[in-house]
Amino acid sequence: PDSSFNEMEEYEGISVMDVYDIVTDFAKEFRPIIEMYGPDPLNNVMSKVVTILEHLEAQTVKIGRLQTSLQERDAVIARLERDKVEKAADRARFEKELEQIEEHWREESHEMVAVVNRLQEENRKLLKALATKQDTPSGNHSHPLSPEVDVAVLQRSRASIDKLRDQLKLKDREVNAKVTEIENLSDQVDRLMGINKELRKKIRISQGQVRNLIDERADFLTQLQDQQHQLSALRQRLGIAEKENEDLAQSQVDKIDLKNKAVFDLDDPNRPRFTTEELKEILRERNEYKARISELEEELQLYRPKESAVCAEEEGDVEEFDEDDAPVQGPLPYEPNDAPWRKSESRIRKLFRKLFNETNVTILGSSPKRSLSSFSKMTLATSANAADTTL
């Protein structure tokens, strides 16, 4: 048991967020291979990798629960051991005090017995002297013992008995006070344990909210990437149309009437490519997505725990995304949110679908599902600036 516990301690640093970081690293490593050779070479490998990561996630959650229960159990055991040690110390101290009191009481009792025996002996002597005096009234008067000595001995015995009684009462009061203090401390420990459980529950709820916000943020980034793909497709179609117009213009150059018409150089990078209405619509959608992303980031900062740097690491990974890394194909139509396979998928599989292009989802070994790779805010800003330059 000790060796297994030590092996568990070696993996204390692994959390669910670390598993998600591993998923992100896998996606970054496999993405260039998929874009270069397609998803077919990685079908078998990716299905096994996803299964292993799902087991790793489940075991990580299980280990976290076991560690929490072990910590709570260790705290209870430590509290019980402290109570046991304190009670044993109080019991030993109380027994020692009782032994001292009993020893003192025995000494006082022996002294009192000796005094009583001496008084009885003197009493017998006095009775004999009195009888002798009554028998010989004309004889010499004997000198009786002084009664002051007997009174002093009795007073001293009475005082010692009262003193012992007071000491016993004082010790009883001290013992009762210690028992009351121990009960109060036990109640306080129970109350603190209840507060600790409530705080752990609140922390788990906060972590769940943070994960939900991360998923929502990934969904919005996916929608933004859809928009970028649509813009790329429109630009490609526009380039094809411009090429056709150029060929048509070259074939009919002698027949074109250039009166009251604007002529543009096709090699000029600043020539107009979109109509005013199209550019206004694109800029309006871009501003809406920017505002929504800002609101989500502010809400995420409110719910993010101070000790968790997972979101910051994810954001840093997203900002390092190469803006020249274009998608393989155009967007696919969305599937309904209430699809049966959506409800049964694990978080690992969902995260892989968010990190791969929609054409590569078949490598996960389940039914295809709408998902895109995450775009960084840097890529979004670059695209927005390019749209402004075009306008």
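Here the Cβ of each residue, glycine as well, is placed from N, Cα and C on the backbone.
The annotation domain 'RH1' is assigned in TrEMBL to 2-90. Under DSSP, the residues of the domain 'RH1' (2-90) split into helix, strand and coil as follows: 82 helix, 0 strand, 7 coil.
Annotation source TrEMBL lists coiled coil at 77-299.
Within the model, the domain 'RH2' (271-351) carries an average pLDDT of 66. The domain 'RH2' annotation in TrEMBL covers 271-351.
Per TrEMBL, the feature region 'Disordered' maps to 317-340.
TrEMBL lists 317-326 with the feature compositional bias 'Acidic residues'.
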